[in-house]
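Annotated in Swiss-Prot:
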type: BINDING; residues: 77, 78, 79; note: acetyl-CoA 1 binding site
type: BINDING; residues: 230, 231, 232, 237, 238, 239, 240, 241, 242, 243; note: acetyl-CoA 2 binding site
type: DOMAIN; residues: 13-168; note: domain 'N-acetyltransferase 1'
type: DOMAIN; residues: 159-292; note: domain 'N-acetyltransferase 2'
């Protein structure tokens, strides 16, 4: 039987046994590649049918060895390390309905497959990190003149008002971004359901009762934390407030035990990359979108 004939379409979120196999596959892939094959949203899609993700799977002897997860725009895939170079990745890419394929970590194997299929790199997302002395130095924070700070948990306005202002600030900051821009109240509410989410980890700079910017923190563990999203409202750009906004989050994370902080940034966002490098961040990983 050809590999393409082994591909089945399913929704893993509706099959508990298959979901457990998928999570095991992802664990085995990470152990070899050193990077997660699926992003957080697609991992959630393995358990939450409401996200509407569809899946293509390849099994051998009743064992899941290949998986492609797809939403309306992109696909992410994982192939078991012991079953690579057998045409599974190619078959999954050929069968997926989207043209955009994420290669997390952009491993040598992913690059070789993309080259074989003559796929073109159209987007690159960098993972940057900071730790130890550099983190301590960059975690120094002081409110700019006329500016105060809070978290969502102790905002100076009603929580619903703060959330509406946060949403507006986000959409102003990311009107160009394919995933982070154009958020709705429903999309924000869904994001707040993540098991790691805390109101106290959503930080704001305030000019009176107006949000200057926000810094959303994700705590993977006390030692490893993340600048999940950071953005300035349009009215406050170009006023030197981006640096204290980042430092506010770093100060918060360091105070909660962080020894390493990571972030994701578009490689093409040269000013942001340069600003993070100035703070002491270095590039740790590269994630790439290939178009077929």
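Any Cβ shown, glycine's included, is placed from N, Cα and C.
The predicted model assigns the domain 'N-acetyltransferase 1' (13-168) a mean pLDDT of 96. Classification of residue 238 (acetyl-CoA 2 binding site) by DSSP places it in coil, neither helical nor stranded. Annotation note: residue 230 (acetyl-CoA 2 binding site) sits in a strand segment as assigned by DSSP.
Among the binding-site residues listed here, namely 77, 78, 79, 77 has its C-alpha nearest to that of residue 238 (acetyl-CoA 2 binding site).
Contacts of residue 230 (acetyl-CoA 2 binding site) defined by a Cβ separation under 8 A and a same-chain sequence distance of 6+ are given as 213, 214, 215, 216, 245, 246, 249, 263, in order along the sequence.
Neighbour counts of Cβ atoms within 10 Å were taken for the binding-site residues 78, 79, 232; the minimum is at 232. Cβ atoms within 8 Å of the centroid of the Cβ atoms of 77, 78, 79 (the acetyl-CoA 1 site) belong to the same-chain residues 25, 29, 37, 66, 67, 68, 76, 80, 88, 89, 92, site residues excluded.
The distance from the Cα of residue 240 (acetyl-CoA 2 binding site) to the Cα of residue 78 (acetyl-CoA 1 binding site) comes to 42 Å. Neighbour density at the Cβ, taken as the number of other Cβ atoms within 10 Å, is lowest among the binding-site residues 238, 242 for 238. Annotated pair residue 242 (acetyl-CoA 2 binding site) and residue 77 (acetyl-CoA 1 binding site), C-alpha to C-alpha distance, rounded: 35 Å. Cα-Cα distance from residue 78 (acetyl-CoA 1 binding site) to residue 232 (acetyl-CoA 2 binding site): 35 Å (rounded to the nearest whole number).
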